[in-house]
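Novice: Sharing the features that Swiss-Prot gives for it:
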- Asp481: active site, proton donor/acceptor (ACT_SITE)
- Glu676: active site, proton donor/acceptor (ACT_SITE)
- Asp117, Asp119, Asn121, Gln123, Asp128: Ca(2+) binding site (BINDING)
- Arg305, Trp312, Asp313, Asn349, Arg358, Ser359, Gln360, Glu427, Arg476, Gly479: substrate binding site (BINDING)
- 1-10: compositional bias 'Polar residues' (COMPBIAS)
- 1-47: region 'Disordered' (REGION)
- 54-73: region 'Disordered' (REGION)
Amino acid sequence: MDGKVNNNPPRSRHRRTSSLEEVVDPFSTPDVYYGPKSDPSKLLSKNRFTRTRTFSVAEPGGGKGHSSSYTSPYFDTTVPLRRRGSEDDSYSASQGQRRFYIEDVDKTLKELLASEDTDGNYQITIEDTGPKVIRVGTVNSNGYKHVHIRGTYMLSNLLQELTLAKLFNRKQVILDEARLNENPVNRMTRLISGQFWKSLTRRIDSNNIAKIAYDTKIDTPKAKNPRIYVPYNCQDEYQQLVQWSEMDPSLQLEVNYLPKDITPEFVKSLNDKPGLLCLAMESHMDPVTGEETWVGFPYAVPGGRFNELYGWDSYFMALGLLESNKLDVARGMVEHFIFEIDHYGKILNANRSYYLCRSQPPFLTDMALQVCRKMGGDKNPVAVDLLRRAFKAAIKEYLTVWTASPRLDEKTGLSCYHPDGIGIPPETEPGHFDSILRKYAEKYNVSIPEFRDLYNSQKVHEPDLDVFFLHDRGVRESGHDTTYRFENVCAYLATIDLNSLLYKYEVDIAYVIKKYFGDNFEGLPEGHRTSNDWEKLAEVRKERIDKYLWDEETGFYYDYNVKTEKRTSYESVTTFWALWAGMSSQEQAQRMVENALPKLEEFGGLVACTARSRGELSLDRPTRQWDYPFGWAPHQILVWDGLVRYGYENHTRRLAYRWLFLMTKAFVDYNGIVVEKYDVTRGTDPHRVDAEYGNQGADFKGVATEGFGWVNSSYLLGMKYMNNFARRALGTCVTPKVFFGRLPPKEKKKYGLE
């Protein structure tokens, strides 16, 4: 990282101020920073030169007894970086508090890209070979005098800010140097909390229903129009949606009821006319008309290209949203999950019609508890009511989905990812299964598209292909699509991840029944009403997991194949989900820390599995995104929390530093990038992932405005384990090896390095 930054408090001295300086915080959100109050073109002086008003330098503090600060609100202290100085030798330049006057945004943007974006991808990164310097005007001189902005980080931030200014239709802007050389830890945290979550938030309302309902994944004639399906007994929601469709017929929005009984056959019948599934809505009074109207609760989506509510992504995003005080969005997602279970029978993979048979890893009990606590817990009747409804729904899903056929294996008493479904998953990209279908097409002497139609219409029967797609749907339900761990076997595996989550459900339900509902949850079947009932279920599950999944010698929980009745040997990071659930004994936790953790810890954090388990790669056996060498935010978050639960916060601190370094380094070197997953074995370009589906969050022009949902959360949550010393190190991109190596002996212990 290079450039120049203020790393010292300003000296006391007299200064002039301006109305702009007093109003606009250098770290405010783009809608404020590039709003009308800061537009130079609207603040022209009436002097004889008709020149833009001259503003004084904005300093974070000045004068004896004067207190003023633009410190980011997300940190109690600001720890800026030291960077190389430029030619400007003024006092303000030496303090890193210059302000730049960009007289022509479009012209400057073009010049910047022409000079610095040498690979033409509309980003400025360490891979570009430009001069890494640009001249810009100063505010004090109305742009007459120029200074230099240097280095990849500041230039990429300049590109981001100019791109945002253009989005707000700004022709001229005044930019604070503090915004361009902001400590990257502060900047990323600020963007996640103040901008990314906003960009990822959706809700079903009259303004965007057609956009959200439109499906980009399905390319059939009947999929051209936006469509939404509504549960048969949701008349208010149905009428509201019909009203919106009639308000603007040009949208061609179709609103249809679903039947009471939803079968796999019915779900398949919707594949050529897919639609969005209605979510929870609440009644509001229209302030203009005074009439009652229904509006959807807000929810967050994983990435910018998504409009659906996703299953387990939502839990991890909720953790970050709560950390950012976005309680309304986190609560909205709990409301949606309650609605989905009540009306669709389960928390869905996502709220599209072709996901009606498929769930995802269950996290509702912990999610509801986190939201309830943020709402005030038992001191808030609204929070307790939400908790009651959420746990009632979670228990329903537990009994009818996760511990029922076909997901429950009766012999072991453990559960598998075994969803219903018929035919080929329609949401996959064209050609995704061609290598599998080719031999069947040749068998029937037809083309692959023709065979696909024959198979989906059940005019031909291929039992082996049925089993293949059963496992494929299971992989998608597991959330780990795809991995060699699950290939051609997923539906037959009692996995440590799913059964850890169900154990967590059991202990959470026991806790809530006892604490909030007088140890008697009315309306439940016999054997499931009291805390003692659920504690017994948890004890039995732990015994079965220890019997079938735990391996004392290696210190791993492995998956168990219920068909072959054999334990697998695939070393997955999900072994640590048992710690997150609180299911392991202290002795088991120690074995995992001593034996499993060293195998899964890499340069940038925890890897999804070991290289040995993944096996050799080839043209016929390509990389899978949920395997080595990739690391994922949900794994980091659960393992951090699980280790802390068992007294290993030192290891959590070390692992979190590794992951946060990787994220920060990519953010600094690659134009503010925040992506879905990282290669945790690479220190230079960890965002570059060569696997199926690419890497969500990497494809942007000029500025990243969303990041990726659960990765955003991981940064906020990981920072909670960092002290000021670690934050400073991350802000200057000190590698884990150097950082750990320079720690004093007492500090090394805090990172599990003694």
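Using N, Cα and C of the backbone, Cβ positions are placed for all residues, glycine too.
So that I understand the layout, could you describe where these features sit and how close they are to other parts?
Specialist: DSSP assigns Asp481 (active site, proton donor/acceptor) to coil in the three-state reduction, placing it in neither a helix nor a strand. Of all Cβ atoms in the protein chains displayed, 20 besides its own lie within 10 Å of the Cβ of Asp481 (active site, proton donor/acceptor).
In the three-state DSSP assignment, the secondary structure recorded for Glu676 (active site, proton donor/acceptor) is coil. In sequence order, Pro302, Gly303, Asn695, Gln696, Gly697, Phe708, Val711 make up the list of same-chain residues 6 or more apart from Glu676 (active site, proton donor/acceptor) whose Cβ falls under 8 Å from its Cβ.
Counting every protein chain shown, 12 other Cβ atoms lie within 10 Å of the Cβ of Asp119 (Ca(2+) binding site).
Close to Arg305 (substrate binding site) in the fold, though at least 6 residues off in sequence, lie Thr216, Gln696, each with a CB less than 8 Å from its CB. Under DSSP, Arg305 (substrate binding site) is assigned to coil, being neither helix nor strand in the three-state scheme.
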Novice: Tell me which of the binding-site residues Arg358, Arg476 sits in the most Cβ-dense spot, judged by other Cβ atoms within 10 Å.
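Specialist: Result of the Cβ crowding comparison: Arg476.
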Novice: So which one is it: of the binding-site residues Asn121, Gln123, Gln360, which has the fewest other Cβ atoms within 10 Å?
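Specialist: Across Asn121, Gln123, Gln360, these binding-site residues, the one with fewest Cβ atoms within 10 Å is Asn121.
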Novice: In terms of DSSP three-state secondary structure, what is the assignment for Asp313 (substrate binding site)?
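Specialist: DSSP call for Asp313 (substrate binding site): helix.
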Novice: Between Asn121 (Ca(2+) binding site) and Asp481 (active site, proton donor/acceptor), find the distance joining the two CA atoms and give it rounded to the nearest Å.
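Specialist: If we compare the Cα positions of Asn121 (Ca(2+) binding site) and Asp481 (active site, proton donor/acceptor), the gap is 29 Å.
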Novice: By Cβ count within 10 Å, point out the most packed of the binding-site residues listed: Asp128, Asp313.
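Specialist: When each Cβ's neighbours within 10 Å are tallied, Asp313 tops the list.
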Novice: Could you measure between Asp119 (Ca(2+) binding site) and Asp481 (active site, proton donor/acceptor) for me? Cα positions, answer in whole angstrom.
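Specialist: Taking the Cα atoms only, Asp119 (Ca(2+) binding site) lies 32 Å from Asp481 (active site, proton donor/acceptor).
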Novice: C-alpha of Asp117 (Ca(2+) binding site) to C-alpha of Asp313 (substrate binding site): distance in Å?
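Specialist: Given the Cα positions, Asp117 (Ca(2+) binding site) is 34 Å from Asp313 (substrate binding site).
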Novice: Using all protein chains in view, find how many other C-beta atoms are within 10 Å of the C-beta of Asp117 (Ca(2+) binding site).
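Specialist: Taking all protein chains shown, Asp117 (Ca(2+) binding site) has 20 Cβ neighbours within 10 Å.
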